[in-house]
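Right, one structure below, let's go through it.
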Amino acid sequence: MSLKVVFMGTPDFAVPTLAEIVGGGHEVVAVYTRAPAPAGRGMALRPSPVQALAERFGLPVLTPSTLRGPEAAETFRAHGADVAVVVAYGMILPPAILDAPPLGCLNLHASILPRWRGAAPIQRAVMAGDAETGVAVMRMEPGLDTGPVAMLERVAISPEMTAGDLHDRLMPLGADLMHRALGALERGGLTFTPQPAEGVVYAHKITNEEARLDWTAPAARLHDRVRGLSPFPGAFFLADLGRGPERVKVLRARSAEGSGAPGTLLDEAGTVACGEGALRLLRVQPAGKAAMEAADFLRGRRLEPGTRLA
């Protein structure tokens, strides 16, 4: 026996889970994803990674602009799904959708719930300097990531791990976890535990303001911020490159020894003074350019020790 599944997801993170469900023998009766969006230099419409995979599998794809209203609910119920699997879909599911599948809606969430409920759990965990995070399979409720948890896989966050590194580590783990959860659900053996009332922290969307590096902060905190925002959207500073202040992303860095006025470039290797200690820039990306080693960037733009970065 296999389950009839509606899959709902959009970005790369959701792709391995869809592939695992199809490979596991379940019948994916529909795939919901966000509509194609402009991308690339030509801003041509590009389907989401989930849509691209679904079409390769020959699965029916829906890209509704809303799931609210009786028509959307009726369309969803008409799929006759036993369960819905939701992975980074990017749209709120109203009660009429949540209540439609007899076995409920399962969500794969990239954190150890209830810590980091919300939109940016991977980035927030790294930015906060957390030593571990994980992936969880939960049953969805109307509240934001408040549902009971069935399965959890923990992962250590190493001191130099970026959000991109962690994202790539959690993707296959999450896919395997959901595969096991569906197997248990099929056998009637999937049990759910309510989330603790204590320890709730929300992973709000990243703002442009917090992506800018504040050199008056301690170097350790800035290091975590660089890791948590790499590769996207990228922590950044401003430097005068001859045409006024230009944005430069910092993709990799590490804490270093050094002192001086915050934001001062201390050497040719890319060490910048912070409120406490210093930050060594390792890899950067100037606006509109490819990523490069920080020392090469400084040498090419003739940014010498004593230069102030904003």
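Heads up, the Cβ atoms here are built off N, Cα and C, so glycines get one too.
The (6S)-5,6,7,8-tetrahydrofolate binding site annotation in Swiss-Prot covers Ser111, Ile112, Leu113, Pro114 and rests on sequence analysis. In sequence order, Asp145, Thr146, Gln195, Pro196, Gly199, Val200, Val201 make up the list of same-chain residues 6 or more apart from Pro114 ((6S)-5,6,7,8-tetrahydrofolate binding site) whose Cβ falls under 8 Å from its Cβ. Secondary structure from DSSP puts Pro114 ((6S)-5,6,7,8-tetrahydrofolate binding site) in coil.
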Among Ile112, Leu113, the one of these binding-site residues whose Cβ has the fewest neighbouring Cβ atoms within 10 Å:
Ile112
Which ones in the same chain are close to Ser111 ((6S)-5,6,7,8-tetrahydrofolate binding site), with CB under 8 Å and 6+ residues apart in sequence?
Arg117, Pro121, Ile122, Ala125, Thr133, Gly134, Val135, Ala136, Ala203
